[in-house]
Amino acid sequence: MNKSDSFYNLETIGGILLFIAAVLAIIIANSPYRIGYDYFLSINGSVSVGNLSITKPLLLWINDGLMAIYFLLIGLEIKREVNRGILSDKTNLLVPALTALAGLLFPALIFIFFNAHHPVYLKGWAIPTATDIAFTLGIVSLLGSRVPFSLKILLTAIAIFDDIAAIVIIALFYTEQLSLLSLSLALVFTLILIGLNYFKCRRISVFMLFGVALWIAVLKSGVHATLAGIVIAMTIPDEGKESMLTRLEDGLHHWVVFLILPLFAFANAGVSFVGLDASMLTHPVVLGIGLGLFLGKQLGIFLSLGYFVQFKKFLKADKVNLAQVYGIALICGVGFTMSLFIGSLAYQNYDLSLMPMVKIGVVFGSFIAGLTGFLVLKMTSLKR
């Protein structure tokens, strides 16, 4: 099995586990065990080293700590793809990059349309711009060979650029008041990591030691701690067939797929439908997120792909029809983990009462987009 096959198989399993974890969280959130679920996520955990102590509830250890490892993996995958993967050929960059940009712009505009007159609500404009690569590839994989491999590659490339956009959005728009001392320490640790690469250090343990120090500095700086994972990834050496980057990526992938993302989904997807009424479904935040994911994503991605002459040649070469492209555009509306994550950042310092609305919008929008995308692909794709 080559690396591509292994990657897609893992993402398939990851998508299934995410679905199970999310459904389990929703079931518990609507059962008598809801109180225990909330209590479990609110348990404080502390880590102390000398005079330094960090205390956070379990939910934030997952969102700030474990998700930094997920972003480290994203960074490693992006670096690998740029160095020697689907993004290494610059002619392959334009279509997925501009498509991802359009797939970001349309959902954001829909969200802004519904929430323009609510300054606090408006802070969630980026929630429907995300695409969950594990969920989307998991859905596509259920159709097996019906979906051309080139479409899976295109979907992956769009999702990678989507992740890059999410990283930029978090850094620019969801950063708290900054601590110059902590930022300075973060810069020092970043320079040390760059130096380790430059002087040919190839011990993962040394990189991870300074990586943890960088994460703590970023956590204390006001910049979201998950971005430390991206910075660490960019400093990891990628030389030779069995490079340090490859070894670290392979080592992390299973942990992320089998533990971190399912745990994140379980901790964040617990939507309670008790007392749900039409007024909640028509809340501006719910409409902005749900319609942004379902309508915004499909409009942005399908219209932009249909525009490129270069892409039309690609369609003919691989016998891909526009209906299949439309199915892929729909599936890109499955924002799930990334949308929930951005939602937790958007309102954490303003109005936590909006989080149930975020969860309802993300769950409904992602479910409808994923289901309709699956049905469109199933009806328009022949077995190969």
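Cβ from N, Cα, C; glycine included.
Remember, predicted model here, so these are calculated numbers, not experimental data.
What Swiss-Prot says about this protein:
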- 9-29: transmembrane segment (TRANSMEM)
- 58-78: transmembrane segment (TRANSMEM)
- 94-114: transmembrane segment (TRANSMEM)
- 124-144: transmembrane segment (TRANSMEM)
- 153-173: transmembrane segment (TRANSMEM)
- 179-199: transmembrane segment (TRANSMEM)
- 204-224: transmembrane segment (TRANSMEM)
- 256-276: transmembrane segment (TRANSMEM)
- 285-305: transmembrane segment (TRANSMEM)
- 325-345: transmembrane segment (TRANSMEM)
- 357-377: transmembrane segment (TRANSMEM)
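When each of the listed stretches 9-29, 58-78, 94-114, 256-276 is scored by C-beta pairs under 8 angstroms to the transmembrane segment (204-224), 58-78 comes out highest. By the Cβ criterion (under 8 Å, sequence separation of 6 or more), the transmembrane segment (256-276) is in contact with the transmembrane segment (357-377), since 3+ such pairs are found.
Only residues 6 or more beyond the boundaries of the transmembrane segment (58-78), in the same chain, are considered here, and those with a CB under 8 A from a CB of the stretch are 40-45, 87, 160, 163-164, 167, 211, 215, 219, 224-234, 236, 245, 248-249, 252-253, 255-256, 260-261, 263-264, 267-268, 341, 344. Packing against the transmembrane segment (285-305) from elsewhere in the chain are residues 95, 98-99, 101-115, 121, 124-125, 127-129, 131, 158, 311, 325-326, 328-330, 332-335, 339, 343, 354, 357-358, 360-362, 364-366, 368-369, 372: each is 6 or more residues past its ends and has a CB under 8 Å from a CB in it.
Within the same chain, residues 22, 26, 124, 127-128, 132, 135-136, 139-140, 142-143, 146-147, 268-271, 276, 280-281, 283, 285-294, 297-298, 323-324, 326-336, 339-340, 343-344, 346-347 sit at least 6 positions outside the transmembrane segment (357-377) and bring their C-beta atoms closer than 8 Å to a C-beta of that stretch. Sequence-distant contacts of the transmembrane segment (124-144) (same chain, at least 6 residues past either end, Cβ-Cβ under 8 Å): 8, 11-16, 18-19, 103-104, 107-108, 110-112, 115, 151-152, 155-156, 158-160, 162-163, 165-166, 169, 173-174, 257, 261, 285, 288-293, 296-297, 328, 331-339, 341-343, 346-347, 354, 358, 361-362, 365-366, 370, 373-374, 377-378, 381, 383. Remote same-chain partners of the transmembrane segment (94-114), defined as residues 6 or more beyond its termini with a Cβ less than 8 Å from a stretch Cβ, comprise 122, 124-129, 131, 154, 157-162, 164-165, 284-285, 287-289, 291-293, 295-297, 299-301, 303-305, 308, 310-311, 314, 329, 332. Within the same chain, residues 206-207, 210-211, 213-214, 217-218, 220-223, 228, 231-232, 235-237 sit at least 6 positions outside the transmembrane segment (179-199) and bring their C-beta atoms closer than 8 Å to a C-beta of that stretch.
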